[in-house]
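S.K.: The transmembrane segment annotation in TrEMBL covers 12-31, 51-70, 77-97, 109-132, 144-175, 181-201, 222-240, 260-289, 301-323, 335-357.
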Amino acid sequence: MTKPTKNKPRIASFLIITYILIFIGLLFISVSSLSEAQINFGDKFYYIKKQLFWVFIGTISFIITSKIKLSYLKKYSFYLFLISIATLILVLIPGIGNTVLGARRWLSLGIFSFQPSESFKLIAIIYFSFLFSKSNKQNLKSLIYSLSPALILIILEPNLSTAVLTASIVLTIYYLSGGEIISLMLTCLIGVLLSVLLIFVSPYRQARLDTLLNPQNDTLTSSYHSNQIVLSLASGGIFGKGFGNSVQKYQFLPQLTTDSILAIIGEELGFIGITIIISLYVFLVYNIFRVSRQSKDPSQQLIVAGIASWISYQSLINISAIANVIPLTGVPLPFISYGGSSLLMLLTGMGLVNNIYRHNQ
């Protein structure tokens with residue numbers, strides 16, 4: 001009589017899709033950044049080498065969070081939350097925070113810089129998921145008091161889009177935990193009104209809104225970026241120019257490896273390519289939500305749902321900006337855009353999803 005063998009958890013579909021997106025990002029970073037990297041750094045492989053480094057570091061973080069005991073996270077989540085807020089304060093201190101393109105969003109850590117607002121998104125998901133899982137009747141005031149200081153710090157960087165994204169994720173967790181609908185709707189309304197106010201008191205945000213509404217104005221200055229995105233997508237058509245055949249990558253399209261990488265994908269692979277990318281995100285988010293539904297622990301359900309919301313909202317913001325539906329925001333495309341902080345935190349979050357998935361097999 002043979003002993004029964006314990007079935008090993010199979011490789012989850014969400015993990016496969018995650019690394020497909022990363023691979024697509026590496027491909028397009030490699031072919032689109034050669035000219036810019038050569039001009040700026042004298043090394044045409046500069047961007048792809050850095051991104052490969054972050055894929056490696058992110059994968060290590062993924063493995064660690066796949067195996068970490070969630071009870072440890074629960075025990076120390078409040079302290080992680082406080083530390084994360086402290087880093088948001090540090091980034092605003094002159095001489096400590098690095099300023100890039102007029103925004104102070106990065107902390108210098110020797111050979112590389114890190115964006116604290118990226119780590120705060122994940123830590124907020126963890127902290128509020130454990131907090132909200134304790135009771136179905138959550139106090140929205142305590143949520144606002146806890147989250148508002150961090151959101152104010154992020155807005156001061158300035159980074160309104162990340163503040164809105166973070167608030168949306170946390171409010172989604174609040175709703176899924178059984179929060180009051182009326183209170184939630186009022187909070188969202190106040191948040192929208194405050195966001196509109198922040199747009200109209202900020203000249204550069206007004207300029208972005210004006211660019212969205214009047215793209216034909218100042219085509220060589222304020223509207224240049226959005227017009228180059230439209231040109232990229234229009235020239236790509238249905239089927240694209242072919243992989244590696246982008247013209248916009250030759251110093252025409254700003255932020256081509258970060259915020260605007262989807263425009264390069266559209267130029268080279270066309271509408272079909274963009275549709276495939278969007279489909280991958282839909283399948284990824286769907287499969288992550290499946291993990292949330294399969295979990296029996298309320299805090300685990302909320303953590304996974306929060307990460308799914310993070311990926312879906314961030315993807316939607318980036319794609320909407322590229323489609324000229326909303327102003328350009330600077331929010332990267334998850335797993336695809338160049339950038340270490342975003343990729344590291346996303347893979348760390350996916351490690352938690354994998355941890356919970358394996359725990360429930």
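Cβ coordinates come from backbone N, Cα and C, glycine included.
Bear in mind that the values here come from a model prediction, so they are computed numbers and not experimental data.
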S.K.: Under 8 Å between C-beta atoms and at least six residues away from its ends: which parts of the chain pack against the transmembrane segment (12-31)?
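M.R.: Same-chain contacts beyond the ends: 45, 47-48, 51-52, 55, 243-244, 246, 249, 257, 261, 264-265, 268, 277, 280-281, 283-284, 287-288, 291, 333-338, 343, 347, 350, 353-354, 357.
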S.K.: How about long-range neighbours of the transmembrane segment (301-323): same chain, 6 or more residues beyond its ends, C-beta under 8 Å?
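M.R.: Result: 121-122, 125-126, 128-129, 132-133, 161, 165, 168-170, 172-173, 176-177, 229, 233, 259-260, 262-263, 266, 278, 281, 284-285, 288-289, 291-293, 295, 329, 331-334, 337, 346, 349-350, 352-353, 356.
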S.K.: Who are the long-range neighbours of the transmembrane segment (77-97) in its own chain, taking Cβ under 8 Å and residues 6 or more past its ends?
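M.R.: Same-chain contacts beyond the ends: 104-108, 116-117, 119-120, 123-124, 126-127, 130-131, 146, 149-150, 153-154, 156-157.
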S.K.: Cβ under 8 Å, sequence separation of at least 6 from the ends of the transmembrane segment (109-132): give me the contacting residues as numbers and ranges.
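M.R.: The answer is 73-74, 77-78, 80-81, 84-85, 87-88, 90-91, 98, 138, 143, 146-147, 150, 154, 157, 159, 162, 165-166, 169-170, 173-174, 177, 179, 299, 302-303, 306-307, 310, 339-342, 344-345, 348-349, 352.
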S.K.: Go through 144-175, 181-201, 260-289, 335-357 and flag the stretch with the largest number of C-beta pairs under 8 Å relative to the transmembrane segment (222-240).
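M.R.: Comparing 144-175, 181-201, 260-289, 335-357: 260-289 has the most Cβ pairs near the transmembrane segment (222-240).
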